[in-house]
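Asker: Sending over a structure as C-alpha cells; questions will come in a sec.
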Amino acid sequence: MANHSQLGFQDASSPIMEELVEFHDHALMVALAICSLVLYLLTLMLTQKLSSNTVDAQEVELIWTILPAIVLVLLALPSLQILYMMDEIEEPDLTLKAIGHQWYWSYEYTDFKDLSFDSYMTPTTDLPQGHFRLLEVDHRIVIPMESPIRIIITADDVLHSWAVPTLGVKTDAIPGRLNQTSFITTRPGVFYGQCSEICGANHSYMPIVVESTPLKHFETWSSLLSS
C-alpha cells in the first residue's frame, strides 16, 4: 500500500514486480551516468578548459556512435528478459476469470463448480474505521500465496484494465477478447489496485482487492463460499 508523500515504489509482492523495480533502478543509473557525462563536458566547455577549432573529428563521431549503442544494449537486454518473463505462464495452481463492468468487477474461480461473485466498491458511508476510502470492496479476491495464479481478463461493456501495482500486474479488459496474465504472491497480505483504463463517469470507483493467504486458509474460505 502506498503511503503519503512516498517517493519510491510500493513494496514488491511478486517476483515480476521485484524484477521491474530492479530494472527501474538500473535504467535510472544509466540515465544518471549519461547526465553526469554531459554536465561534465558542458562544464569543461564553459570554463574553456576544453575547446577546439577542429571541424572534422572522426574519432569523436566514432565515440558518439558506439557509446549510444552500448547504452541501448544495457537497457534492451534486461528489458527483453522481463518482457519474456511477463509473457511466460507457468502451470497454474489456480485460474481466475475477471470481468469488467461499468462500474464493478465480477470474478469466477474456474477450478470450482459454483464459486463466483461480484465485487463492488464499499461506499464511504459504510466504510469501517481504519479502512481505505475508494479502495475497499465488499468481496475480495482470495488466493493462496506462493502458488502460480493465472487470471483471464475480459470486459462486458467498454474497455477496462485490471491492475495491481504491488504485484506488477496490469492487463487490459477488452469486450469480446480474453487476455491472460499470471503472478505469484511471495507473502501474505492485502494488495490494492484499481481499473486503469478510463471507462466512464465512475471509472475511479472500480477498486481491486487481492488477499493472499496460506493454502489452508484459502481452502477454508473457498469451501465456505462455494457451499
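Keep in mind that glycine also has a Cβ here, set from the backbone N, Cα and C atoms.
Below, the features straight out of Swiss-Prot:
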type	residues	note
TOPO_DOM	1-14	topological domain 'Mitochondrial intermembrane'
TRANSMEM	15-45	transmembrane segment
TOPO_DOM	46-58	topological domain 'Mitochondrial matrix'
TRANSMEM	59-86	transmembrane segment
TOPO_DOM	87-227	topological domain 'Mitochondrial intermembrane'
BINDING	HIS160, CYS195, CYS199, MET206	Cu cation A1 binding site
BINDING	CYS195, GLU197, CYS199, HIS203	Cu cation A2 binding site
BINDING	GLU197	Mg(2+) binding site
Asker: Does anything in the same chain, at least 6 positions from MET206 (Cu cation A1 binding site), have a Cβ under 8 Å from its Cβ, and if so what?
Answerer: GLY100, TRP103, TYR104, TRP105, MET121, HIS160, GLN194, CYS195, CYS199
Asker: Would you list the other residues of this chain near Cu cation A1 - those whose C-beta lies within 8 angstroms of the C-beta centroid of HIS160, CYS195, CYS199, MET206 - in sequence order?
Answerer: GLY100, GLN102, TRP103, TRP105, SER161, ALA173, GLN194, SER196, GLU197, GLY200, HIS203
Asker: Using a 10 Å cut-off on CB atoms, tell me which of the binding-site residues CYS195, CYS199 is the least crowded.
Answerer: CYS199
Asker: I need to check the long-range neighbours of the transmembrane segment (15-45): which residues 6 or more away from its ends have a CB within less than 8 Å of a CB in the stretch?
Answerer: 9, 51, 71, 74-75, 78-79, 81-82, 85-86, 165-169, 183-184, 186
Asker: Rank the binding-site residues HIS160, HIS203 by the number of other Cβ atoms within 10 Å of each Cβ and report the first-ranked residue.
Answerer: HIS160
Asker: What other residues of this chain sit with their CB within 8 A of the center of the CB atoms of CYS195, GLU197, CYS199, HIS203, the recorded Cu cation A2 site?
Answerer: GLY100, TRP103, VAL158, LEU159, HIS160, SER161, SER196, ILE198, GLY200, MET206
Asker: DSSP on the topological domain 'Mitochondrial intermembrane' (87-227): how many residues come out helix, how many strand, how many coil?
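Answerer: Summed by class, the stretch gives 22 helix, 61 strand, 58 coil.
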Asker: Measuring CB to CB from GLU197 (Cu cation A2 binding site), give everything in the same chain under 8 Å that is also at least six residues away in sequence.
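Answerer: Once residues fewer than 6 apart are set aside, GLU197 (Cu cation A2 binding site) is near LEU159, HIS160, SER161, ASP172, ALA173, HIS203.
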